[in-house]
Amino acid sequence: MPIKIQSDLPAKAELEEENIFVMDENRAISQNIRPLEIIVLNLMPIKQDTELQLLRGLSNTPLQIDVTFLQMSSHVSKNTSASHIKKFYQTFEEIKNNNYDGMIITGAPVEKLDFEEVNYWDELITVMEWSNKHVTSTIHICWGAQAGLYYHYGIKKELLPKKLSGVYKHRVMNRKEPLVRGFDDVFMAPHSRYTQASRQQILDNPRLKVLADSDEAGIYIVLGDGGKEIFVMGHPEYDRLTLDQEYKRDIDKGIEPDLPVNYYPDDDCNRKPLLSWRSHANNLYTNWLNYYVYQITPYDLNESYDNYCI
């Protein structure tokens, strides 16, 4: 899938080195195919890493995608330069009158705070409310999934006894849903979190459907209102070394973390980690874009979304 991005976005060069098809604005204009308009609310601290991870994941289906990155104006990033955010990110005020085919809300390292204690919570719920009328389908990742479940469905989050970190086995729970089409019966996916959405509250809500579950990591994928909202509790976008970097960062902070599960060969943190979830992640993004975005969204984004949202 070709992705249209700004010509000078830092991720562009690395994507091209990996033979991922990206195009700049000039080339995209010459094509007579409407791209899918995807907006990414990037709440992760090192935004360039998440940009690259998500763009990789979105690059594997045969449709052109136009990606817009969204920031929270009420939060000042400590790990990404203001110049990068100013150059490559839009504010909500700048995009609030637009419609989008799809939206991704990322995770954020704020799990131990109550939702209302997060300094951009009010702005985030404004964005989530706006998405009901302006976005065909939204996929929420990790803390973004917990926040979305809390806002849209009142699902509370719970503090885990210790950090859940590693790559865990999951099983498909509902084969009839297109989102899990092509998934193996048992597949691997990474997690890195201190909290979880209440399992019982999810199971008790008739508007929510569990599509993938894990004995060790808990509920993984939840479908809301037939696909209007999708909640992914882990981090399928993570690169091979992301958990490694987080683990060593925690050691440097004196946290004494447990070794990520099912990650290092022979549990040796000096060896190259195993990448066992890439095909699952690619399948997840492809199915979302195809079945919950492309086949649902109006060709003319100016049309009323009341007639098209799932």
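Glycine residues also receive a Cβ, built from the backbone N, Cα and C atoms like all the rest.
When secondary structure is read from DSSP and collapsed to three states, Glu111 (site 'Important for acyl-CoA specificity') falls in the coil class. According to Swiss-Prot, the feature site 'Important for acyl-CoA specificity' maps to Glu111.
Among the features that Swiss-Prot reports, active site, acyl-thioester intermediate is placed at Cys142. Contacts of Cys142 (active site, acyl-thioester intermediate) defined by a Cβ separation under 8 A and a same-chain sequence distance of 6+ are given as Thr106, Gly107, His191, Ser192, Arg193, Val232, Met233, Gly234, His235, in order along the sequence.
A 10 Å cutoff on Cβ-Cβ distances gives Lys163 (substrate binding site) a total of 19 other Cβ atoms nearby, all chains included. Per Swiss-Prot, substrate binding site is recorded for Lys163, Ser192, Arg249.
Per Swiss-Prot, site 'Important for substrate specificity' is recorded for Ser192, and the stated evidence type is sequence analysis.
Look at Swiss-Prot and you will find His235 tagged as active site, proton acceptor, backed by sequence analysis. Residue density at His235 (active site, proton acceptor): 25 other Cβ atoms are found within 10 A of its Cβ, drawing on all protein chains shown.
For Glu237, the entry in Swiss-Prot reads active site. All protein chains included, Glu237 (active site) registers 27 other Cβ atoms within 10 Å of its own Cβ. Mapped onto three states, the DSSP output places Glu237 (active site) in coil.
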Cα-Cα distance linking Lys163 (substrate binding site) and Glu111 (site 'Important for acyl-CoA specificity'), given in Å to the nearest integer: 11
Number of Cβ atoms other than its own within 10 Å, given for Glu111 (site 'Important for acyl-CoA specificity'): 21
Additional residues around substrate, ordered along the sequence, whose Cβ is within 8 Å of the centroid of Lys163, Ser192, Arg249: Ser165, Leu243, Glu246, Tyr247, Asp250, Pro257
Reduced DSSP assignment, Cys142 (active site, acyl-thioester intermediate): coil
Euclidean distance between Cα atoms of Glu237 (active site) and Arg249 (substrate binding site), Å: 19
